[in-house]
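Remarks on the structure that follows.
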Amino acid sequence: MSNGTEIQCPKPFLNILDYTDGGFIEGRVCQPYFTETCCLPCPMTQWAYPDTFETMSEAANWVSVVSTVGCVFLLLSWAVLPVDKTFRHYLSICLTTAVVFMNLGFVIPLAAQPEQCFDDITPNSMKTSSVCAASGMFIILGGWAGVLWVFLRALSLHLQICWQLVVGRNFMWFAQIIGWGIPGIGVILAFLLSGVSFRFGQSCHINHKNSLADLWIPLLVFSGMTIIIQFATFGYCIKVYLASLADNSASTEGSNMPSYTNSIRTMTPKQAYRRVRRVIALQWRGIAIVLIIIADVIFFSVVFVFQDNTVEAVRHDNTIARPWALCLLANGGEKEPCLKLASALVVNMPTVGAVLFLLGMNGIWLCLLLGRWSMITGWRDLLISSPSRSKREFVSVDARLDDLKKDTRSYEMLSRDDSGKVMDHSVTPSVVTPISPTLARSQMGSPNQDPESGRRTPDFFGQTQRYHTPARSFSSPRPPQQPQQATVTWDPTETYARGQSPYPQDNNPNNYVNPLGMNRL
């Protein structure tokens, strides 16, 4: 503790000797003042940013809440609704789960409202705040998993479009190991080698020590690989499109001729372009998600690394923050006149706000791109229509026939033209189809039937057309027919063949041998 002979730090700085060793010591912002060391009160963002910074940070956290609700809706829809309503895929499910983890890193501090500072000059760390540890873990886990799953999604699309490979079960297990194994290892390394603490805002972020090696560089490497793969896929699509424009050959795609479509070498440029266009039409949402999340991660990484390096430079070089510190001393601790000087020490507030809001909006983008209107109708059918269907589950067939009698829309293929015969309205429709051919034919001949009243239906069942097999039909093998005459005659004038055998036994033309009858027994 300080005594009376020690020099007091000018306002708003506090003497470091008045505080014990606790919290995140490296997070203190201190400057030497004569023989003493004076530190800036915690948190630093309170002095380097306007008062609206905390409001902006809290608003970004509420955006994360909305994003989390949307992701939970997607996950529940994929888990409960049938696949024809949701078109679920494990790549989409895992990516959405990763975004939920990242959002939890901002939602938990919003709900818990943790104390950012251990004391007046020291921020809390993961060792002194459980909320800080949970927040930092979910942010790192969500960041790692989000980058890995967009990388796997881009790789899957690249293999399908460029190499025409069907990504099956082996790729799925490979993706599960990579998509969750590497993020788990990344979280462990980040906590052991760097740790997390309150850096700016209500959420905890990774500390500067070893952060480039165990988090930022690996994330940027995978992000760069994702961008390379994605643009390689785009380049291939452009190449196929340009080749299809110059291709004048007739395409056989869609014909009944057998073809080998497993190799791109057997496909014409137009066929390849049609195939690529179909794949892109199905995967354009995934492509957009990959680009959005990768852009967010790169933006966040660059901004945070710049902020981290700037703060570390201020801690090690006293001359960088001296103009701002002197401004605070001259104004008696009022920060408003010194905010312009503080902007050189930290990332400006609009940039930090853009990073926080973009990270919080990832779940909203997922809802817009992966969500479908059929999910809404599926939940409506599940919550509203299912009870009515369950009540009718054990209804007898006769009751259903009565309903069909009352509902005139259940009759199919009904017509009012005069080409068909009249169908009596009292005919009981069957369970499968509302037309009953047997009863219809029995009622047709009734003398009391008015041919001009009621609905009419064409007589599809009254006459049976006889099928005549074509003379030269080769659709099925048939045994050879026996000739009606004993001798087969052939008129050589019908063709250009010679009337005599090319190999006569003598000069007598009557010895001609018919080649079609020479082997007859």
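Placement of Cβ uses the backbone N, Cα and C atoms for every residue, glycine included.
Just so you know, TrEMBL annotations never went through curation; they're auto-generated.
In TrEMBL this protein carries:
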COMPBIAS  427-451  compositional bias 'Polar residues'
COMPBIAS  462-476  compositional bias 'Polar residues'
COMPBIAS  502-513  compositional bias 'Polar residues'
DOMAIN    53-217  domain 'G-protein coupled receptors family 2 profile 2'
REGION    415-521  region 'Disordered'
TRANSMEM  59-81  transmembrane segment
TRANSMEM  93-113  transmembrane segment
TRANSMEM  133-152  transmembrane segment
TRANSMEM  173-195  transmembrane segment
TRANSMEM  215-238  transmembrane segment
TRANSMEM  284-306  transmembrane segment
TRANSMEM  351-371  transmembrane segment
Beyond the flanks of the transmembrane segment (93-113) by 6 or more, those residues with Cβ under 8 Å of it: 58, 60-62, 64-65, 67-68, 71-72, 74-75, 78, 131, 134-139, 141-143, 145-146, 148-150, 153, 175-176, 179-180, 183, 202-204, 289, 293, 356, 359-360, 362-363, 366, 370
Dominant neighbour of the transmembrane segment (351-371) in 59-81, 133-152, 173-195, 284-306, by Cβ pairs under 8 Å: 59-81
Mean of pLDDT values spanning the domain 'G-protein coupled receptors family 2 profile 2' (53-217): 94
Outside the transmembrane segment (284-306), six or more residues from its ends: residues with CB under 8 Å to it: 91-92, 95, 99, 143, 146-147, 150, 153-154, 157, 205, 211-212, 216, 219-220, 223, 226-227, 230, 347, 351-352, 354-355, 358-359, 362, 365-366, 369-370
